[in-house]
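Everything below concerns the one structure shown next.
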Amino acid sequence: MITEYVHYVVPAELAGDFETACSKAARALSASPYCRTYDLSRNENQYTLRVTWVAPQDIPELAEYQPFATDKRLEEPVALAPTLFEWAGGAEAFDKLFTAFYRKVAEDPVLAPVFAGMNPNHPKHVAAWLGEVFGGPKIYSQQHGGHPHMISRHLGRALTEEQRRQWVRVLIDTADEVGLPSDAEFRSAFVGYLEWGTRMALMFSQPGVEATVAEPMPTWGWGEVRPWF
Ligand code: HEM
């Protein structure tokens, strides 16, 4: 495992082009089996790209922006925090969570009608989605159509705030029931993603919304609080 940092100084008039190139690079990073996490931070006209690679080969360049790269370095992480996927218990934990969740959904007066025509493999697909977002294998991207497919499954559904809240509430109850880690750090990251993800799903589902489906998979990390390990 290795972390790459690239520091860029980009003139204001090229900031838009730079960010477009970064979105393109994000899609490549998201699809790369060698890339574990990435993020881009900005401070006025300075950007820092941080990428954690499984192996140091296959590192793509933002070629046209190399002239603006002022510093590039590779670091062996001293102690890399486990991914949320690993901390949660891996693929088995996510399968267990969503199998139990959709059993409860079928009995829930608010959610059952929404999922009445659900594909029987839906729980497995959502488990693969969340596992990948949380740093697990890129199964949803490689086998289930990735971000475009997930977004397209919500388009036009006109979900309501009541349904969104109930989805979150039932999933949190299920997480307790199946014994997902209950430490404050994991739960804060978990609930943070659920809040973000469900609000995005609600937004994309509204009538007339045309989503940019070609966005890369989101990746979720520990956020402000890291685990004690
Ligand atoms: C963090 C939030 C969410 C995530 C990660 C998520 C994930 C997904 C994924 C991955 C799919 C496509 C499954 C496939 O590939 O077959 C999907 C479909 C769907 N989602 Fe969501 N979803 C979220 C929020 C919601 C909410 C809040 C609702 C409604 C209350 C909802 C309703 C649906 C429905 C009805 C489908 C289609 C199910 C089917 O026919 O198979 N989703 N969702």
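Just so it is clear, glycine is given a Cβ too, placed from its N, Cα and C backbone atoms.
Keep in mind that what you see is a predicted model, and the values were worked out from it rather than measured.
Per TrEMBL, the features are:
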BINDING   His125, His149  heme binding site
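For His125 (heme binding site), the number of other Cβ atoms no farther than 10 Å from its own Cβ, over all displayed protein chains, is 19.
Of all Cβ atoms in the protein chains displayed, 14 besides its own lie within 10 Å of the Cβ of His149 (heme binding site).
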